[in-house]
Amino acid sequence: MFGRRQIREKWMLLVPAMAVLGVITLAPLVNTLWLSFTDAKITAIATPVNLIGLENYIYALTDPDFQDALWRTLYFTGVSVGLEVALGIAIALLLNQEFRGRTLLRALIILPWAVPTIVNAVAWRLIYHPEYGALNSLLFQLGFISSYQSWIGSPALALNMVILADVWKNFPLVVYVALAALQTVPGDLLKAAAIEGAGPWKRFCAITLPWIAGPLLVVVVLRTIEAFRVFDIVYAMTGGGPADSTKTASFYVYQEYFNYLRSGSGASYAVLIAGISAVLILAYYAAARRQDQGGRA
Amino acid sequence: MRRKPLHSVLLYLAALAVALFTTAPLIWLAHMSISAPADLTEVPLRWIPSEVDFSRYQALFDLESGAGERFLSALRNSVLVAGAATALALLLAVPAAYSFSRRRAPMVLLFAFLATIMMPPITYVLPLYTAFSGLGLLNSKVTLVIVYTAMLLPFAIWLMKANIDVLPVEVEQAAFMEGASTSFTLRVVVLPLALPAIAATAMLSFLVAWDEFFYALIFTNDLTAKTLPVAIADFAAGRVTDYGVIASVGVMATLPPALLAICFQKFIVSGLVAGSVKG
């Protein structure tokens, strides 16, 4: 049914979107790549910019502070996503049971997702407050701690406390994906396994989990991509501190750009981060494609 | 199959625990926003407020008060920026989605679009900052609208494409047979059928824009363009002695997305699930 007119139209319909994305994302990406090979700085007066080859990269790759920030980011990503998935599956299994109030509980789960990231950060910061925070008071009055803790003021704890706040905001997505997947698990199969004498745990491992693994894998990779670029929650909760213990990779580059004004050097860090993200994005497409084909088969 | 009583008890306990975990931080935020300032600094905490104090909300809606001016201008900026970016993104997304759905535009291109929003914003921010600064467009709502439009566009195209895919193609074919142009068909045939999908996409887009912080932090610096997330970060970073003020701004910023999410739950959840499971 397609004439020549419609083939031309195929592109005309796409041009506005391509133009916007080209200018706002592709051009800056190329520009960042170029900057990373220069000694550019953010200055009030225009200064000549020199190409310095791989110097920024050599520095970035041997910079122990940046390596720390990267490991920190990977720790944040791994623990955050891991907890979200464990919690998400557990809650989805619960919501898949029949009980009074299930509809209400399913509706409530969306609330953390709806809370703006910055509000989430600020709310938890107040909850973690070393003197007046609800967490200290609650744990103290219940007898779990004998003295008030400085939750986000201590380098050993801070990152984990940020993770807890992040998990609280982001677990709903996993719940809903897992719940949707659980509804496709064939009940007959589970019943048959129960008759054969398989216990709940065995049925979960042998039937349910493999059945929902496809969609879960996709959402896991997606959450990994999002968690890896973490910035907002760190900015509003801890500002990267104390003692850099929550300074993530994106935060590191932010400071290199806007505190130290080294755009060339910052760009090389940004390119390295983008490279890692690119690998994750490819993994996402691989997972999503497999899922899509599996769904059709 | 009848459940054993013990099983039922455990089930309800677990459900209660989940309900508490989900709502407690929000209830606490709301609680702080209406507690008397002295209650909030008692050690150990006073869990039930000695009096209910709505004065902070009054102050937030009073342009004359310092907090009110900051809050109301940020609220206005957030509504305008998120609204305009959502409208623009949909305006661009519908034709593009139609091209992917009905004109066999290469899917690789759609994947490339989606990849642009999966990249960390830190990759784009400096060249954008330099460019907008050169154009004299820093600290402007227009800048945020442009950047947010690009940020919302890929996801909007993706969702709209998935929805146009399942619309019946026969009516469109008939329209073409009668000699209707593509733009006519899009407006008169496709658009009315896709209206629920457009509404769902618009809501999700609005919520994403409402939540955005990073670009707003870097591109704005005063009341003319600062959005709510930036204003809240400011409130929290300032020397506030009354934590209830921060809490009340947080509650106000959460209300619109929370109400949307609760009222249009089915829409939003199905959009979220579809958007995160298929690529």
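Glycine is no exception: its Cβ is also placed from the backbone N, Cα and C atoms.
Curation does not apply to TrEMBL; its annotations are automatic.
Residues or ranges marked as transmembrane segment by TrEMBL: A:12-30 (among others). Distant neighbours of the transmembrane segment (A:12-30): 274; these residues of the same chain sit at least 6 beyond its ends, with a Cβ under 8 Å from one of its Cβ atoms.
If you look up TrEMBL, you'll see A:70-284 marked as domain 'ABC transmembrane type-1'.
Sequence annotations record features per position, and here TrEMBL assigns transmembrane segment to A:74-95 (among others).
If you look at the transmembrane segment (A:107-128), the same-chain residues 6 or more away from its ends with a CB under 8 A from one of its CBs are 91, 95, 134-136, 151-152, 161, 164-166, 168-173, 175-176, 232-233, 235-237. The transmembrane segment annotation in TrEMBL covers A:107-128 (among others).
Taken from TrEMBL, the feature transmembrane segment applies to A:148-168 (among others).
Per TrEMBL, transmembrane segment is recorded for A:204-225 (among others). Here the transmembrane segment (A:204-225) has Cβ contacts under 8 Å with residues 77, 80-81, 84-85, 89, 93, 170, 173-174, 177-178, 180-182, 184-186, 189-190, 193, 198, 277, 280-281, 283-284, 287-288, 290-291, 294-295 of the same chain, all six or more residues outside its ends.
The feature transmembrane segment is assigned by TrEMBL to A:267-287 (among others).
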Beyond the flanks of the transmembrane segment (A:267-287) by at least 6 residues, Cβ under 8 Å: 29, 32-33, 35-38, 40, 56-57, 59-61, 66, 217-218, 221-222, 224-225, 228-229, 249-250, 252-253, 256
